[in-house]
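This report refers to the structure that appears directly beneath it.
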C-alpha cells in the first residue's frame, strides 16, 4: 500500500470522516488518554512541583489543542488548504516531543515518591506515567503519518 493511501490520502478529512480516517481517528485516543493524564496528575500529590507543573502544562495544552483541532476539522475550517496539513504535522511533532519530556519527568517524580508517600498516591503517579507514555506513543504515530501526508501533499 502506498504511503499516501496508508495515511488516508494527502488531504485532511472534514465532518465525521475525522473519526473514520487514519491517522485522524487517533484524535479520540489522544483526547481520552491525554485527559486521563491530566486527571491523574491533578489528583496526585506533587513531590516535585516544577516537574509535575510541566507535566500538567503539557497535558492541558495538548488536551485543549487536540480538542480544538478535532472540532475545527469536523466543521471543515481547513477548506482543503495545504497550510493546515503543515499545521497538523507540526503540531503533532511538537506534542510528541512535549509529551516525551513530560513522561520522563513524571517517571522521575514517581521514582522520588517511592519512600514517604502512601501507596495510593504512588500508584496514581504510576498510572499517570503509564498513560503519559501511551499518549506519547499515540502522538508519535500520529506525527509520523501526518508527516507522510504532509510530504505527499
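Even glycines carry a Cβ here, placed using N, Cα and C.
According to Swiss-Prot, residue 50 and residue 120 sit on the same side of the membrane.
Remote same-chain partners of the transmembrane segment (126-147), defined as residues 6 or more beyond its termini with a Cβ less than 8 Å from a stretch Cβ, comprise 6-8, 22-23, 26-27, 29-30, 33-34, 36-37, 40-41, 44, 55, 59, 62, 85, 88-89, 92-93, 95-96, 99-100, 102-103, 106-107, 110. Looking just at the topological domain 'Extracellular' (47-53), the mean pLDDT is 78. DSSP places the residues of the topological domain 'Extracellular' (115-125) in helix, strand and coil in these numbers: 7 helix, 0 strand, 4 coil.
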